Amino acid sequence: CLFFMTANVLEEDSMEQDIESPVAIHQPKLPKQAREDLPKNLNKECAKRKIQRYVRKDGKCNVHHGNVRETYRYLTDIFTTLVDLKWRFNLLIFVMVYTVTWLFFGMIWWLIAYMRGDMDHIGDSTWTPCVSNLNGFVSAFLFSIETETTIGYGYRVITDKCPEGIVLLLVQSVLGSIVNAFMVGCMFVKISQPKKRAETLVFSTNAVISMRDGKLCLMFRVGDLRNSHIVEASIRAKLIKSKQTKEGEFIPLNQTDINVGYYTGDDRLFLVSPLIISHEINQQSPFWEISKAQLPKEELEIVVILEGMVEATGMTCQARSSYITSEILWGYRFTPVLTLEDGFYEVDYNSFHETYETNTPVYSAKELAEMASRAELPLTWSVSSKLDQHAELETEEEEKNQEDQNERNGDVANLENESKV
């Protein structure tokens with residue numbers, strides 16, 4: 001944001017300077033007070049740009065691990081490392097592993113034939129080679145492929161006069177089975193990963209805050225686009241906000257649990273049609289003291305996590321999304337998407353993200369509770385207050401009467417003194 005303002009200053013300064021001056025123009029640094037006195041619209045734009053998500057809308061965590069020195073830990077769990085790689089690297093490794101093993105064993109088959117002198121007796125019917133019809137490295141490479149993949153064309157075969165070849169055949173068969181199991185298993189797990197299933201679990205674009213059953217609630221909507229259901233689906237939410245403890249410790253991106261029905265069982269979902277997940281803003285809620293005017297000033301993020309088992313495969317699936325303060329609408333509700341048709345219910349996903357405005361107080365839940373308590377207080381202690389007021393009036397009247405009596409006694413005494421004189 002400072003770039004556009006400083007650019008204008010530089011242009012005005014350059015007009016006054018000589019064009020042929022070799023002195024380079026450096027961008028001036030504005031003092032802190034000048035930065036604070038920027039126009040409000042620029043400050044707002046800068047603030048919007050500074051908002052950094054912890055979890056993106058598509059569910060991917062916006063966290064990068066740097067300066068990891070113990071990289072050997074990735075090799076100890078090589079299977080998970082290969083599964084987590086991108087598809088282009090995974091396919092490259094898949095092809096390279098098979099190609100390297102074929103070339104390696106092909107080279108050994110060729111060396112055995114060369115050491116035995118089979119290359120010098122090509123076409124000699126009296127000579128028994130280690131591998132029949134092996135006349136070079138290319139034929140040794142093809143024989144390695146046939147051995148490891150158990151193709152067995154029958155043109156190149158190993159003879160019983162080559163013990164070292166028999167041992168190599170056993171070794172290649174065992175290692176080939178291990179390579180097949182490892183690589184095919186890796187590809188199968190990567191193909192059947194439930195990440196793709198999570199893409200058909202959708203969250204509403206915005207979260208809303210409105211009244212529900214006389215209580216201020218934070219709500220968002222979830223839905224499943226597939227006809228196959230998520231078994232044992234559950235929902236939970238986290239508030240991501242930096243805090244400072246009473247001892248002065250600063251905790252960046254502190255995670256606070258948001259209750260979405262854990263104690264009542266409402267967090268366990270039967271996700272057949274879109275559901276609205278509600279969080280009651282009470283004294284245990286982190287939004288207890290946040291009002292409509294204060295909400296845009298808060299630097300917070302709500303991360304919602306939906307997880308369950310895929311009905312088709314039985315694998316655990318997790319879908320994530322997040323809401324920042326600009327995506328939380330105060331005083332809105334979600335548009336209904338479920339309608340009753342002839343013999344079935346129909347879900348209109350065109351209205352899944354739509355909201356409409358509703359009458360909602362702009363005060364925080366704490367302020368609303370205090371207002372409600374003040375409204376109820378006169379009803380509870382009206383009788384006692386009246387009695388206290390009546391007693392106070394009686395005491396005041398008694399004091400006034402005592403003062404009047406004292407004044408009268410003083411006047412009478414003065415008259416008696418005057419008469420005596």
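For all residues, glycine too, the Cβ spot is worked out from N, Cα and C.
The domain 'Potassium channel inwardly rectifying transmembrane' feature in TrEMBL is assigned to 55-194.
Among the features that TrEMBL reports, domain 'Inward rectifier potassium channel C-terminal' is placed at 201-371.
Annotated region 'Disordered' per TrEMBL: 388-421, in sequence order.
Panel annotation: around the transmembrane segment (91-114), residues 82, 85, 129-131, 134, 136-137, 140-145, 147-148, 162, 164-165, 168, 172, 175-176, 179, 183, 186-187 of the same chain, lying at least six beyond its termini, place a Cβ under 8 Å from a Cβ of the stretch. Annotated transmembrane segment per TrEMBL: 91-114 (among others), in sequence order.
Counting residues 6+ beyond its ends, the transmembrane segment (126-145) has Cβ neighbours under 8 Å at 102-103, 105-107, 109-110, 112-113, 116, 118-119, 151, 155-159, 161-162, 164-165, 172 in the same chain. Per TrEMBL, the feature transmembrane segment maps to 126-145 (among others).
Tertiary proximity for the transmembrane segment (165-189) is limited to same-chain residues at least six positions away from its ends with a CB under 8 Å from its CB atoms, namely 79, 82-83, 90, 94, 97-98, 101, 105, 108-109, 112, 130-131, 144, 147-150, 158-159. Residues or ranges marked as transmembrane segment by TrEMBL: 165-189 (among others).
Per-class residue totals from DSSP over the domain 'Potassium channel inwardly rectifying transmembrane' (55-194), listed helix then strand then coil: 88 helix, 4 strand, 48 coil.
For the domain 'Inward rectifier potassium channel C-terminal' (201-371), the model's average pLDDT works out to 92.
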